[in-house]
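Taken from Swiss-Prot, the feature topological domain 'Cytoplasmic' applies to 1-6. Annotated transmembrane segment per Swiss-Prot: 7-29, in sequence order. Look at Swiss-Prot and you will find 30-579 tagged as topological domain 'Extracellular'. Residues or ranges marked as N-linked glycosylation site by Swiss-Prot on the basis of sequence analysis: ASN213, ASN217. What Swiss-Prot lists as region 'Disordered' is 427-579. The feature compositional bias 'Low complexity' is assigned by Swiss-Prot to 435-529.
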Amino acid sequence: MGLLYALRVRIMNFMIFFLLIILMPGLPPRTTFPFKDYIVTPPKDLKGALESNFHLEGAERLLEGRVYGPECLIARNNEIYTGIHGGEVIKLTSNHVTHVTKIGQPCEDIYEESRCGRPLGLAFDTQGNNLIIADAYYGLWQVDLGTNKKTLLVSPAQELAGKSINRPAKIFNGVTVSKEGDVYWTDSSSDFTIEDLVFASFANPSGRLFKYNRSKNVSEVLLDELAFANGLALSPNEDFIVVAETGAMRLTKYHLKGAKAGQSEVFVDGLPGLPDNLTPDAEGIWVPLVQSADSEHPNGFTLFTRFPSVRLFLARMLALFELPFRYLNSVYPNKFSQRFVHFVGHMESITVLAPKRTTVVRVDWNGNIVGSLHGFDKSAATVSHVLEFQDFLFLGSPTNQYLARVKSPKAKQPTLKVRNVRVEGEGLEASIGVPPSKATPKPKAAPSTTTPKPTTTTTTTTPKPTTKTTTTTTTPKPTTTTTTKKPTTTTTTTTTTPKPTTTKPPTAKPSTTTTTTTTPKPTTTTTPTTPTPEPSKPKVKRTVPEKPAPVEEDIPSDTQPPKKEKLKVINKQGVNVEL
């Protein structure tokens, strides 16, 4: 009885405390939009195109310990450009790391990220030798790669338009450039910086999609209240653009041209994880999931979307927990307070709780999931970008201290190409006098010659007598051998049983066959009385091909050569004898 009473008292005390936290005005954090419920489609089951595999396992780790957080990857002239922690943009050539530029200020460590800067989105300009950089803290920049001249396009202090509320951008994230030079970019959150991503996961969606017009120096808002707007992908015809909503586990399509211009719709919904940067090509889009999610492993963005009071309580409790350290650091700046505040709010602190599964999804331009790559060994965890480059998939990440890569599933396999193949002896006269069977078409044979006694012509200078009967030959599967070095001697063995033709190959001669089109000497078919030798026929003059015969390759044959057997004939008494 006392235990139940104590439990009831504790529950009542917690409820009072809970109500005080969510109802008390003025408590941090302050958000643009009020906390309210919103719906996120549950992740799809790993079936069909999403079926699990192990393609991302055993990823090769490049430049380990030399790059920290290569978030976005773009390539040109066999060089990979990426932004890393510390605010630098670097390029990678083979095993070399070269500094390209830096937007932020000098800093000591990652906990000073707001001072260092954090380049997230990168794109090559279509109007010059420029690099467009979306720095999470310092805004949208244009950097001349030849002179390193930096031009600020959109400032973080600039108030930007919204569908209902105008406000500055807090997280400059994805960026892409159209053929005409217009820059599309995303603001992931209007309430929190990137070092407070945990708070952003509790707040209501406030992301935006912008189009920056260079001639007017104006950013036009296209979409508002996106659930952490992230990567971008322009369609091949640039008639629409796709934006990743990380917090909603979906891709949203915005029409730029045509009858639906200015309208948006869901492109892909229910992704099994949180999408990040998008990599488009002619066939579709690579969609990396920076954190996987399924029914057994829900993520923080979607766990309490239908419970705004719970999200508000958690956000305020977390803000109150770090409030003393923020105040201490403002009065007396110190590394301990800075590290603690950064650890509490930064999403990297909770990556240890992420599921083991790593997933990259392939989507076509019709919004269909056509394939996926998976891994479970965390050799390439928290993938934020996929770059298909030199038959590999390079995998960017905001947290890894290396650049991972795996073999591309679309890598071309080496193939053996044979051109202008000519058979040696091509164009010579046919040397087989046996008429073709009705069941199997055979090449046209030269007219046969009938002599009183049967003989078989060999390739030696002295004739070799053989005996041939007039009985009907039944061969279900004739063996055909083509040679390129020496002429072929053909010996036909006639039997009354359904056996393949028996061939007697000489030691220094190729296999004998029943049918061939490449032998240089004719074989005569006769009605025998008694076997007597005859002198060999004169050799047929060989027509030399205009082009040399192809080089022989040592490729194993699918069939085994026939064993050397003795010649079997039927004598007048009907008995099989061997010669």
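For all residues, glycine too, the Cβ spot is worked out from N, Cα and C.
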Winner by Cβ contact number (other Cβ atoms within 10 Å) across the glycosylation sites ASN213, ASN217: ASN213
DSSP residue counts for the topological domain 'Cytoplasmic' (1-6), split into helix, strand and coil: 5 helix, 0 strand, 1 coil
Per-region confidence, the topological domain 'Cytoplasmic' (1-6) (mean pLDDT, whole number): 82
